[in-house]
Amino acid sequence: MDSFQKLSFDNDCNGTSVSKLQRFNSYDISRDTLYVSKCICLITPMSFMKACKKVLEQLHQAVTSPQPPPLPLESYIYNILYEVPLPPAGRSLKFSGVYGPIICQRPSTSELPLFDFPVKEVFELLGVENVVQLFTCALLEFQILLYSQHYQRLMTVAETITALMFPFQWQPYMFPSCQSKLELPQEANLCFVDVDNHFIELPEDLPQFPNKLEFIQEISEILMAFGIPPEGNLHCNESASKMKNLRACDIVSDKRNGNIAGSPLNSYELLKENETIARLQALVKRTGVSLEKVMREETSSNKDLKVQCGEEEFRVYQLNIQIREVFANRFTQMFADYEVFVIQPSQDKESWFTNREQMQNFDKASFLSDQPEPYLPFLSRFLETQMFASFIDNKIMCHDEDDKDPVLRVFDSRVDKIRLLNVRTPTLRTSMYQKCTTIDEAAIELRLVKIDHTAVHPHLLDMKIGQGKYELGFFPKLQSDVLSIGPASNKWTKRNAPAQWRRKDRQKQHTEHLRLDNDQREKYIQEARNLGSTIRQPKLSNLSPSVIAQTNWKFVEGLLKECRNKTKRMLVEKMGREAVELGHGEVNITGVEENTLIASLCDLLERIWSHGLQVKQVNNVLLDSERRKSDASPAMSPLRISLIQDMRHIQNIGEIKTDVGKARAWVRLSMEKKLLSRHLKQLLSDLELTKKLYKRYAFLRCDDEKEQFLYHLLSFNAVDYFCFTNVFTTILIPYHIMIVPSKKLGGSMFTANPWICISGELSETGVLQIPRNILEMTFECQNLGKLTTVQIGHDNSGLYAKWLVEYVMVRNEITGHTYKFPCGRWLGKGMDDGSLERILVGELLTSHTEADERQCRTPPLQQSPSMIRRFVTISPNNKPKLNTGQIQEAIGEAVNGIVKHFHKPEKERGSLTLLLCGESGLVSALEQVFQHGFKSPRLFKNVFIWDFLEKAQIHYETLDQNEIVPEENWQTRARSFCRFVTAINNTPRNIGKDGKFQMLVCLGARDHLLHHWIALLADCPITAQMYEDIALIKDHTLVNSLIRVLQTLQEFNITLEASLVKGIDI
């Protein structure tokens, strides 16, 4: 409808019976007057809250005023019902109330939707922090309970939060609850907001909104510019009074995006040096008109313009639009590329609509793979909400621009601007916070300065004498016969009403043309048309071949330059501190999240592959690549390099739904395998296919630029990327295991049943039973991430339950990453240290290392990085002895490696398990300390370090029972040492004595007890019995130096991998 539709008055009385009232002598119908409440309700087609509120307030004032209104109330209500039109989009309207004019304005189709509630009140009631937290709960569709003694506050908060969700819409219900006493269920995981008391209670496990701190800072700057304290007004009355008179002009611009300058922006000064403006100015000067003078006159005239509404109301409009633009900018930045991940249905709309509950409409895995890692906790849950699903459904159903939902159309136009800006300035794609720079209040100000239409004033109606009689304090009974019939001739009720507004637009355009007289206007228009025809961007079909070639050449050069800059930026970011040392660590390069950089590279590759494309589908380029055959080999040979095989791996991932998502996953996989340049070179080697698919000027047909492009991509092979493994964490990956036992020492006679458990940074496999006499097997499990440890053992069954394992190799069959886990130890009772299982620490092999290993099928017995032999045999020459200086150096290097690990940025850190248990780790270094000066054992008997530690435990337990320990500190250290040794001995695992020593060192490092235990053992009488006088552990100077070195580990929080401490609960 094109008018304010309905005004209804509830005139019902309470249903209390007269007889009941008379019985209590409270009411006499013959002499008493009964007063009842009345509700005046104004229903409009759109939520013009401010205008409706003014209409109702003036009606109420007319009833309660001692003087009667100028006209009967029927005249004003009739005017609202029939003579006030609904303003079209982008127009303003003024109509008359009982005591003054009322203005309402409606945003255009390119602006944010209509919202008239005062955002200011919400931030004053709750504060910025609470509003953002409430906003996050609403986005994730938590149950929200708003509590207040004022109904209007409840409505204002609820409507504001839902309006700030643009372009998403609140899907669950909102319903009021009128309870006299509020009781919250204890088990309810909801968001409780006490609006009156500035309090909010959040649900458990609420993820943080992306860039929350920067987001709050940007909102706070706007609120302070309007004199509103960011913490709210409830508990800060003093600060509120101090800031009450603060204006935007008091805020000095610091030239950062989003800050409000003290003076209006002079667009002419910004454009004065523009080449096109200079030509236009020179042209206009020939007419005798100074463009500069016109600009200044227009600027000065704009200063004199006044808005038709009150100053306070205008500031409410300004604050509303600024705050809403900041919130909308967050979603525009986060979902700038959402459209390419929408899964378009293959069937017709009706079939899709029927089965849409069973269908996926968004490629969530691919979208999340492009997002910065800090965004993932929030986005992964937000993509599962009903409001996001409805948003994508609307996108799918609205193929045509005319069919689009108005909200979706506005959002898509903003996304298009962001994407266009990213194409022109690709470096703008970053995970860093980007403030809103598109706050435009000019449209609202223009509508409020110059009203587009003024409605007909209220007038006397054709009423009978006596009707519309005024009575102070009473709302009259309205005359239904007058209000039920509208005017016979009303131009605003005709079907051609929009034509009135269009005609007004044309008149406005003619009359506002630079305020020139007729002759100057005509001359200026004609020459401006001629200038426009010369500077208008021509079509390529209208240009000469040389101009076309030059244009495309510049574009190709731009793509190549962008490729060079991106590869440098990604390499510098990946190299981290090493790049800074080489002089490449500029502030504007480092500090960008890796996921965002790779997504930006994918954007570049998509534009290169689409440049000069004749056919929109490029699948043939991939499918026509040559397929290679793999040759079988009994040893673990490296994966064959196959472009087609890598593509098949991506196609088999069910979590990736769209072609764009699969292409980007393939780029990530190729980068991780260091094959991106090689694969792309193979794709482009088919010249016939390239000529068929691409035009002559395409980037991919420029040989020199193409070679440079591939050369730049080749530089990625210098660093290790795990951009596929770390992103697609839920996919199933096949792993290939190869166990290499010692063939010389009876590995083929092994009778027990072996098992293995593989652990990575993401998860572990659990115990996998290995068929007897099977040394290679392939299994499939969820992505483990980077592999860290392997636990291998057997059940000690059969006649020959002894197994000497040289090493274990595990390979990811998709990425090709191969990890080697050296062992070189026996598994069996009565052999070595009697261990039935061992924990092996692995390292990622490089390609040349794999080649070396393939040449040596049975490598010599070697020390495992996780299990170095820690016993003294009758042949001490089997292992070279280290002197005290070498041992001190080993301890220093091990501790220094851990210190460096924690001082690196988290993304540059390696494996802490390797630093603790690896070949040059802390466990190995301390093993050398305790082996130095160890007395030779008796013939045919091995003595282990753990035997010494157990005797020391028995000694201190005996002293504790006899209460002979002299000092409290020594007593505490002794008790902790005994408690840890006892717990490790009681573990159900069969890890052997060396495995127990490793576990003790790891637990001591975790709980910062190693230096205490070293001091304790150095003074233990058992040490004098089992060590020679030259032993390091008996040299107090060297022991004190060792203690000082180990004390440096106290400031670090060492977290142990679960496989290292499995079975221990301390």
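Each Cβ is built from the backbone N, Cα and C atoms, and glycine gets one as well.
Caution: TrEMBL annotation is automatic and unverified by curators.
Record features (TrEMBL):
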type	residues	note
DOMAIN	1-405	domain 'UDENN'
DOMAIN	592-729	domain 'RUN'
DOMAIN	733-841	domain 'PLAT'
DOMAIN	913-1061	domain 'RUN'
Helix, strand and coil residue totals from DSSP for the domain 'PLAT' (733-841) stand at 3 helix, 59 strand, 47 coil
Averaging pLDDT over all residues of the domain 'UDENN' (1-405) gives 74
DSSP puts the residues of the domain 'RUN' (592-729) at 79 helix, 2 strand, 57 coil
Grouping DSSP H, G, I as helix and E, B as strand, the residues of the domain 'RUN' (913-1061) number 103 helix, 4 strand, 42 coil
